[in-house]
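What Swiss-Prot says about this one:
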| type | residues | note |
| --- | --- | --- |
| ACT_SITE | R292 | active site |
| BINDING | K116, K159, G165, G166, E201, K202, Y203, L204, H209, H236, E276, E288 | ATP binding site |
| BINDING | K238, R292, V295, R338 | hydrogencarbonate binding site |
| BINDING | E276, E288 | Mg(2+) 1 binding site |
| BINDING | E276, E288 | Mn(2+) 1 binding site |
| BINDING | E288, N290 | Mg(2+) 2 binding site |
| BINDING | E288, N290 | Mn(2+) 2 binding site |
| BINDING | R338 | biotin binding site |
| DOMAIN | 1-445 | domain 'Biotin carboxylation' |
| DOMAIN | 120-317 | domain 'ATP-grasp' |
Amino acid sequence: MLDKIVIANRGEIALRILRACKELGIKTVAVHSSADRDLKHVLLADETVCIGPAPSVKSYLNIPAIISAAEITGAVAIHPGYGFLSENANFAEQVERSGFIFIGPKAETIRLMGDKVSAIAAMKKAGVPCVPGSDGPLGDDMDKNRAIAKRIGYPVIIKASGGGGGRGMRVVRGDAELAQSISMTRAEAKAAFSNDMVYMEKYLENPRHVEIQVLADGQGNAIYLAERDCSMQRRHQKVVEEAPAPGITPELRRYIGERCAKACVDIGYRGAGTFEFLFENGEFYFIEMNTRIQVEHPVTEMITGVDLIKEQLRIAAGQPLSIKQEEVHVRGHAVECRINAEDPNTFLPSPGKITRFHAPGGFGVRWESHIYAGYTVPPYYDSMIGKLICYGENRDVAIARMKNALQELIIDGIKTNVDLQIRIMNDENFQHGGTNIHYLEKKLGLQEK
C-alpha cells in the first residue's frame, strides 16, 4: 500500500480523501493556499504545506509547488480530487516524470478522453453508443458543414472539442444561423481553451443526464457500478444526483455498463471514471468521460457498498480490483443534494463566516462537508460547501429522509441553497422521477428564450 500521499485539493473532497487514507493506514500531506489554513482536512492531516496565496492559479493550480510539496515531505503519490488539476494531462505527466504516482489514469488516457473528438472516436471503436454527429472536427467548407447538418437533422449543437461544464456550445435550428454559430463557437473556444477545434452533434431536445461509474485497474480488469441520474441541473451544473436512475431496467444497465467496462479495457484505463450519457427515448448517447472521481460519487457508494476512494488508492498502489462484476449488487436508492454558499434568488456566491452550524443525522443520512461553526467560506473558490446524501430501501424513503435532513441542516451567517433543495424534494415531477435536464431551469423561470 502507498506510504504517504499529497492531497492536492481542498474542501469536502480533500476531507473525503483524508478519511479513506486514514482507514488504509496511509499518511497524509495537506497542501493548501494561505486562505485555507483553517480547513478541516488541513487541521487533521499528518503534515501540511502552504503552496501559495489564495488565488487558485497561484496555489491549487501551481504544478511546481504541488510537486515540491511531495518532494519535501517524502510522499509517494498525489491525489488530485476533482476540479483543479484532476483532468490536466500535463500535471499527470509531470507527477509521474518526477517519480511520483498520479492517483488517476495515465496522461495519454486523460488526453485521449479530454479531447471530445478523439474521445468520441475511441468510444465508437469500443462499441459505446454516441450522439449522431460530424465524426470529427468541422472544416471551413460551409457547403460540407450544411450537408453534415442535413444528414444529422436539425436542431444540431456546435461544441468545442476542448470544452466541458457547459462552456463552448451553441444550438443551431436551421441553415441560416449555422455559419455564424460555428465561427462564434470557434472564437469562444480559442479564447477559453486555446483550441478552436469544433464539432457538430444532433441536439437532443429533452434528454436526461445518466452516467455510468466505472473502476479499472489498468491490468485488464474493469467493472461498472450501476448508473446515476444527474438531470436536475442549472446552467449545466448539477444540483441533485441520485442512484440508481429511475426507470433504467437491469437489462439496460447491463447493456450500457458492459460497453463502458469494455471501453475501459480497450483504452487501458486506470482508476475511477465516469461515462456521461444523454438518455432519451430508451437510448443512451455518449457525451464525455470524466477521468477522475466525481462530486456525486457517494450515491454510488451508498447503493453498492463500494468505497470508491479506497479503490482509487488500491489501484494506484498497483493492486488489482478487489471486487468482481458479479459481486456488484444494487441495493436501495440514494439521493444527493449539493449545498452551496449562494444567494437563493440570484445564485451569486455568498462567502462569509458561518456563525451557527448543525449537521443533520439519523439512519441513512450522510453529510460530506468541511464546514464548522466559526469557519469562514472564502470568496476565491467554488461555492459548494457540502453534500447531503440520504439512503433508503427505495426512492420514496430516500426522498423522505432527504426532506427531514434538509430541515435539520442549520447553516447561519451566509446564504445557502437549502430552501431550493427543499423545493426540489417537494416537487411532484421530481418525486415521480425521470425529469429532463431542462426541468429545473424551466421551474425557476431561467430557461433561455
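Positions of Cβ are set from backbone N, Cα and C atoms, glycine also.
Small disclaimer: the values here were computed from a predicted structure and weren't measured.
Swiss-Prot feature annotations superimposed on the structure.
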| residue | record | DSSP (3 states) |
| --- | --- | --- |
| E201 | ATP binding site | strand |
| H209 | ATP binding site | strand |
| K238 | hydrogencarbonate binding site | strand |
| E276 | ATP binding site | strand |
| E288 | Mg(2+) 1 binding site | strand |
| V295 | hydrogencarbonate binding site | coil |
| R338 | hydrogencarbonate binding site | strand |
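Long-range neighbours of H209 (ATP binding site) (same chain, six or more residues apart, CB within less than 8 Å of its CB): D229, C230, S231, Q233, K238, E276, F277, L278, F279, I437.
For the pair formed by Y203 (ATP binding site) and N290 (Mg(2+) 2 binding site), distance between Cα atoms is given as 21 Å, rounded to the nearest Å. Annotation for N290 (Mg(2+) 2 binding site): spatial neighbours E87, G273, T274, E276, criterion Cβ-Cβ under 8 Å with sequence separation of six or more. Over all protein chains present, the Cβ of K238 (hydrogencarbonate binding site) has 20 other Cβ atoms lying within 10 Å. The Cβ of E201 (ATP binding site) lies under 8 Å from the Cβ of V131, P132, G133, S134, I152, V156, I157, K159, each of these being in the same chain and 6 or more residues away along the sequence. Counted within 10 Å of its Cβ, the other Cβ atoms near E276 (ATP binding site) come to 18, all protein chains included. Of the listed recorded positions, namely K116, R292, R338, the sparsest Cβ surroundings within 10 Å are found at R338. In sequence order, I13, Y82, K238, E241, R338, M384, K387 are the residues near V295 (hydrogencarbonate binding site), counting only same-chain partners six or more apart with C-beta under 8 A. Every protein chain shown contributes to the tally, and the Cβ of E288 (Mg(2+) 1 binding site) ends up with 20 other Cβ atoms within 10 Å. Summed and averaged per residue, pLDDT over the domain 'Biotin carboxylation' (1-445) gives 97.
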